[in-house]
Amino acid sequence: MAGWIFVVSLVLALVAVYRPFGDYMYRVVTGTRSSVAERGIYRLVGVNPAAEQTWGVYARSVLAFSAVSVLFLYLLLRVQDKLWLSLGLPAVTDHIAWNTAVSFVTNTNWQAYSGESTMGHLAQMAGLAVQNFVSAGIGIAVAVALIRGFAARRSGTLGNFWVDLTRITLRILLPVCALAALILMVGGVVQNLSGGTDVTTLTGATQHLTGGPVASQEAVKLLGTNGGGFYNTNSAHPFENPTTWTNWFQIFLIFLIPFSLPRVFGRMVGQNRQGYAIVAVMGILAIASVALTVGFEVHGGGTVPQAVGAAMEGKDVRFGVPDSAAFAAATTLTSTGAVNSFHDSFTPFGGMMPIVNMMLGEVAPGGVGSGLYGLLILAVITVFVAGLMVGRTPEYLGKKIGAREMKLASLYFLVTPTLVLAGTAAAFATGNNSTALNVGPHGLSEVLYAFTSAANNNGSAFGGITVNTPWWDTALGLAMLLGRFLPIVLVLALAGSLARQRATPESEGTLPTHQPLFVGMVVGVTVVLVALTFLPALALGPIAEGLS
Amino acid sequence: MRLPSWLSQHLAALRALLVLTILLGLAYPLLLVAVGRIPGLSDKANGSLVAHGSVLIGQAFTDADGNPVPRYFQSRPSAAGDGYDPTATSASNLGPNSVVDTLADNPDDASQSLLTQVCARSLAVGTLEGVSGARPFCTADGVGAVLAVFHRDGFTGPITRVVSVNQTGTPFVATYDGVTVEPATIGDDYQALGGIITPIRGDAPSHPAVPADAVTASASGLDPHISPAYAALQVPRIARERGLSQDAVRKLVHDNTTDRALGFLGEPAVNVLKLNLALDGLAPNGPAANGPAANGLAPNGLAPNGLTADGPAANGLTADGLTAGGQK
């Protein structure tokens with residue numbers, strides 16, 4: 001019962017902030033006045049904030065910034081042993097450094113390393129946490145660029161990437177993170193530069209208590225739907241998530257931006273009800289998924305949970321089963337991938353839900369920005385399918401969905417399934433699935449989970465699979481890179497194509513896209529597309545295990 | 001001089017990254033570190049340290065050999081390093097149907113399935129606390145009760161052979177469907193040989209005496225808490241070892257229990273380190289420190305036996321059970 005109240009209280013809190021926080025973000029991304037700090041940054045970077053970019057220039061700016069970021073982070077990790085606050089840890093090995101650099105730049109935060117034994121404090125703060133901010137900023141910027149495409153009237157331009165990145169980072173991410181970090185510190189999350197303390201336990205053993213600037217990184221890890229934990233056990237670690245209420249707060253932070261961005265969408269296209277329709281789709285899928293995950297986990301299944309009497313393996317006592325399951329759903333419905341319990345030890349169907357959530361393409365509500373643009377692509381596909389049914393030219397928000405738009409939307413949808421299924425097949429074909437801890441259907445689930453997580457930029461791990469080998473680091477790194485930037489380029493191309501169109505006035509044949517019928521259709525299209533794509537793979541993995 | 005546009009774009013990107021790194025990667029975290037020095041906040045920012053550890057970080061209350069120290073409340077099993085090692089935090093990551101052990105002569109090559117770990121811990125805790133350690137799907141000697149069933153035609157046809165896959169000694173059941181159950185042979189993979197892995201429920205109660213958190217490894221490997229049920233199970237032993245009344249110990253447990261925050265967040269939990277520190281504060285030099293019970297460091301020496309229900313019978317299992325129940 002308490003578990004259900006937990007979920008309901010989160011829903012209520014998100015409903016309460018939807019309008020005020022969404023309106024605030026709207027003012028940030030549409031504002032034109034620069035602060036002193038922003039003008040300073042524009043001058044240092046050497047950009048003209050008034051210059052509008054076409055989709056090609058916008059995309060090249062995103063790619064250039066990300067390429068520089070990968071390189072910078074890779075170098076930082078490779079030389080960390082020579083820098084301040086390295087805690088005596090050695091340089092990160094080449095394949096782990098490559099994997100980690102890609103992982104954090106793509107907002108995936110897949111971790112092929114254990115934080116407390118690999119990363120010094122400087123690498124965490126100035127390397128990883130910076131990418132937590134800017135990769136989240138890029139996601140929001142791309143989503144805003146797509147909305148500008150819908151809202152534009154033959155201008156053909158999408159705004160300025162450097163301005164978007166700066167404003168989103170400075171005015172949304174940084175202040176909310178600072179406040180959230182402070183709240184987490186009150187809860188007991190540590191924030192220091194200590195290399196750790198040796199203590200003598202009550203029974204005379206020695207325990208090395210770790211330190212670190214955890215709260216500052218924890219806040220952005222969740223708010224930016226990044227998910228890379230400071231420590232190996234992520235949000236299960238008591239220094240990252242010490243209490244039952246910090247656990248609630250962490251889930252709230254995960255959902256805050258993704259669930260509020262539809263408000264920005266509604267306001268930018270001039271019809272708030274369009275935002276409500278989009279957030280309704282997200283909400284329906286999210287609530288269904290959370291309810292299923294919590295229900296499966298609480299009601300057991302699988303031999304070991306039945307022997308134990310509860311699915312408590314890989315869960316901490318203070319969170320218990322329902323709140324751990326709710327966190328697992330939240331982290332995979334978004335692109336976060338932080339964990340407060342270990343999905344590998346979930347009941348068979350409970351453990352299937354995180355995979356299904358990620359396979360949904362992370363649109364309910366998805367990662368910051370990426371969830372919104374992913375769902376808008378699905379809305380475009382839905383409009384097209386509906387148009388075919390009634391035989392009219394499909395339109396969405398006054399823009400015609402023609403052959404070019406549909407090609408881009410379809411390609412977008414195909415990117416991640418291709419990466420997931422081809423990657424899983426490649427792992428088995430090359431024998432690299434042998435690093436999985438479990439055999440049989442569960443072994444397949446572990447491999448499938450790894451590629452699903454990487455290609456969808458989630459970063460959560462089923463665990464139970466050794467991924468710090470050169471093959472896995474390289475393969476998953478490629479999956480993350482392509483799974484992030486191919487869709488971004490396609491979204492921006494779509495945005496550019498829409499921005500060049502003039503608005504078509506509504507006619508009687510226009511499908512209203514703010515009514516329950518349309519909401520239901522988008523939900524249906526999402527579920528059907530995902531089911532058709534992934535059901536065979538799921539049947540061989542978690543479903544086979546759950547039914548055996 | 002005018003640079004090619006691709007180059008100037010990357011230079012702009014580099015400048016942007018450097019500016020943002022200084023702001024977000026240095027100024028922001030260091031400012032918060034400074035805020036963390038404010039009195040009132042500094043204890044928390046430094047890890048909520050107390051004597052002998054941190055109240056947030058669990059620890060093992062075991063002796064050098066990994067056996068429980070009976071005068072202390074025991075923590076949950078942990079998969080962090082050798083147990084409660086903050087430099088190697090981890091969960092077990094074993095799946096819900098991990099039921100087949102790898103048997104080997106050399107202990108380094110052997111590995112226990114999650115089911116066997118659960119069964120062994122249940123038996124060990126039951127023995128330590130003087131209650132039944134029986135659980136569904138567990139044998140009386142504390143391994144997973146799992147058979148490999150061979151049919152004539154693969155999945156169908158009459159049963160031709162049955163092996164108890166986790167036991168090399170006498171199987172937990174003599175026959176299955178009329179076929180004599182054989183013990184396992186080290187080195188054989190019965191699943192690969194075509195046997196259908198069949199866990200056997202047995203007749204253990206579905207609510208075992210040993211609670212769920214006592215037989216499972218936590219997510220963090222540093223879980224500072226146990227459930228109120230597991231604390232209650234340990235009260236009689238602690239009272240006996242310390243020469244305290246059970247009511248006095250129960251009051252300490254109550255004082256160190258956090259209920260659900262606001263009535264619905266998380267689960268009620270007992271902080272084990274705080275509880276044990278309070279115990280030491282209450283009876284620092286009680287019988288525990290110098291009485292015969294302190295010898296109980298060797299698991300369940302003779303002292304407690306007179307008081308527990310299952311005397312000598314339990315002792316036969318003690319040594320094995322407790323070792324298996326250590327932090328795997």
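Glycine is treated like the rest: Cβ placed from N, Cα and C.
According to TrEMBL, the protein carries these features:
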TRANSMEM  A:58-77  transmembrane segment
TRANSMEM  A:84-105  transmembrane segment
TRANSMEM  A:125-147  transmembrane segment
TRANSMEM  A:168-190  transmembrane segment
TRANSMEM  A:248-265  transmembrane segment
TRANSMEM  A:277-296  transmembrane segment
TRANSMEM  A:372-390  transmembrane segment
TRANSMEM  A:411-429  transmembrane segment
TRANSMEM  A:475-496  transmembrane segment
TRANSMEM  A:517-539  transmembrane segment
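Contact check: the transmembrane segment (A:58-77) against the transmembrane segment (A:475-496) gives at least three Cβ pairs closer than 8 Å, residues 6 or more apart, which meets the contact criterion.
Two recorded stretches are said to be in contact when at least 3 C-beta pairs lie under 8 angstroms, sequence spacing 6 or more; the transmembrane segment (A:517-539) and the transmembrane segment (A:411-429) meet this definition. Touching of the transmembrane segment (A:372-390) and the transmembrane segment (A:248-265) is concluded from the presence of at least three CB pairs under 8 A, sequence neighbours closer than 6 excluded.
Remark: the transmembrane segment (A:248-265) contacts the transmembrane segment (A:125-147), by the rule of 3 or more CB pairs under 8 A. Beyond the ends of the transmembrane segment (A:168-190), by six or more residues, the same chain brings 24-25, 28-29, 35, 37-38, 41, 133-134, 136-137, 140-141, 144, 211-212, 214-216, 218-220, 222-224, 238-243, 245-246, 249, 253, 256-257 to within a C-beta distance below 8 angstroms of the stretch. Under 8 Å from some Cβ of the transmembrane segment (A:84-105) lie the Cβ atoms of residues 66, 69-71, 73-74, 77-78, 111-113, 117-123, 127-128, 131-132, 135, 193, 195-196, 226, 228, 459, 468-470, 473-474, 476-477, 480-481, all in the same chain and six or more residues away from its ends.
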